[in-house]
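These notes are about the structure you will find just below.
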Amino acid sequence: MPFWDLQKQLGIDLDKWMLRQSMKQPYGRAANCHAFEREWVECGHGLGQTRARRECEPEYEDFMECMHRTKLIKRMQTILAQRDKMIKEGKYTPPDYHKGKEESRP
């Protein structure tokens, strides 16, 4: 605990941007990526900043993937590109309900 808490006196919270999943959530539910953030924070607790960056890199990457979904988006783009390539070559025809046509109803 600091001797003179400047953040509290000025009414600002500089740590809020970093731990946004751990903040109090509406309706009392945990945020989607709360577990990943908690793992990252627990891993780096008590370590120096340099050592924590090196040792807690997998936890940080998991947390960032949960927040931004970059790997998921890249994987989906690859799948859609492969599908389009197969359609162009004539090896795959999507079903009617993927083309925007309604299914026949009984």
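Don't overthink the numbers, they just go from 1 along the chain as shown.
Note that Cβ sites are derived from N, Cα and C of the backbone, with glycine treated the same way.
TrEMBL labels come from automatic prediction, so no person has curated them.
Checking Cys43, Cys66 against TrEMBL, the residue bonded to Cys56 by a disulphide is Cys43. Each residue in the region 'Disordered' (85-106) gets a DSSP state, and the totals come to 8 helix, 0 strand, 14 coil. Applying an 8 A CB threshold to same-chain residues 6+ apart, the list for Cys43 (disulfide bond) reads Ala52, Glu55, Cys56, Glu59.
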